[in-house]
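Below you'll find the structure, written out as structure tokens, and then a few comments.
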Amino acid sequence: MTAETNKGPVLGMRHVQALLIFLNITTVFIGRLNVGVSVVAMTNAETTNPNFPEYDWTEAEKSYILSSFFWGYILTQFLGGYLCKRFGVKSVMFWGVFGSGVCSALTPLFIGFGEWQAYCGIRVLMGLAQGVVFPCIHQHLAKWSPPEERNRLGALSHTGIECGNVSAMFLSGMIAKSSLGWPGISYVSAGVAFFWCTLWFVFAANHPTESRFIGENELIYIESSLKHNESYHATIIPIPWKAIWTSAPFLALLIVRCAENWGLSTLQAEIPSYMNGVLDMDMKSNAFFSALPFLAMWCMSYIYLVVADVLLGKNSVSLTILRKTYNSIAFWIPAATLVGIGFLDKEQKNFAIALMTISVGVNSAQTIGSVLNTIDLSKNHASILMGIVNTAANFVPIVTPLVVGWIVKENSDRSQWQIVFIIASVIFFVGNCIYLVFGTAETQPWDAEDYLQTQNPELANRPPMQALSFPINENSKEKINSKSH
């Protein structure tokens, strides 16, 4: 009887939190990625709805618009990690997504009086708002996920990335051709963001003891499994900066995430240009071919999840072995296919599409492989780790096009593109090798709540900093303590 109670309900508030994160990621990715379709609709109205203004922007101006989101996005990653530790995930995530929704709603107005410069400006603001989201997500998963369910809940919630990719492509195209025209893309994105904010405001909680809807059994199950002291939720744990920056597993994670973004940005952004220049294909004009790799990625993410659940459930492999195996699949198969794509010619277009779909599809294993590793290393500092990793990793998509532009002088020269793909393949391969050698899914010593006090005994006499959070219910404390004993 006790054993059954300890497992918690099959479906509970921890699953609601995972669903909210899934919807959150889908929402922010729709707002982030709809710009590609919007720009096409605004500069070529005949292909969508000609009843709305059309703009004559140069290719350079379009590129500024497409990249401007990341100018703001990289600036608030680290800040998001700090803010959610200081003020709680619920508030920070709410205002981040709400701010992104406001930017979407104002986009048509800004474009009307400031054209592409104003469009860039509002996209930078959207990037600043969304930058706090992913550090919050990892902190939220760390607080709500029992260790044995962490991989499952984390992977399920992160499938919102693929859902957001596919939704942005299909929905944006449909809206642009409808009576709403290209302004409707922004308005619908804003509506989705505000709807999510409502769900989040009602059902989200910074941690299980704060939730109004959680049952007693689930509360005891989650809190006892996380094994922290009674004042944990009311205390801000000091950040062991030196230990983090000198941690080999964390530095390996930092390197492998940068390598992933280099390879993925090559797959997502550069291969379509290669197919257009060398293979004489215009995949951007074909919604199906553009979305096909991400449909494959979305489907494969669930296959990977089921297999991982079975392997971990039967104790067939350790979490560390699982992460490294999945990451090797996600990195090394695309490394090989990237080289293969570079040797195809115009007579092998279908094979090129197949290789691109395989590359992006299998790469979804990187979510289980390394994305969730921040929570493995430190559940207490997951938001800080994610802030650092995402800041560094999101510089890469800014640098990659510059490197490609320096190498590729003639878009139709296959030999120049082969150099680009070989560089990406080497980075994929080496990055994963470093992760295989130094990476781990074991919790690090510096995750301990009293780590800095044990390293510096004089800190032990200082009173803990109190966070802005709800107090822990006394009845819940008694239940958790009695269960633990």
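Yeah, the Cβs are placed from backbone N, Cα and C, and that goes for glycine too.
From a predicted model like this one, the values you see are computed outputs, not experimental measurements.
Feature annotation from TrEMBL assigns domain 'Major facilitator superfamily (MFS) profile' to 20-443. The feature transmembrane segment is assigned by TrEMBL to 21-43, 63-84, 91-110, 182-203, 287-305, 325-344, 351-372, 384-407, 419-438.
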Top Cβ-contact partner of the transmembrane segment (419-438) among 21-43, 91-110, 325-344, 351-372 (pairs under 8 Å): 325-344
Tertiary contacts of the transmembrane segment (182-203), as residues 6+ beyond its ends and Cβ separation under 8 Å: 13, 16-17, 20, 23-24, 27-28, 30-31, 34, 37-38, 41-42, 48-49, 52, 90, 93-94, 97-98, 100-102, 104-105, 107-108, 171-172, 175-176, 213
Leading stretch by Cβ pairs under 8 Å, where the reference is the transmembrane segment (63-84) and the options are 21-43, 91-110, 325-344, 351-372, 384-407: 384-407
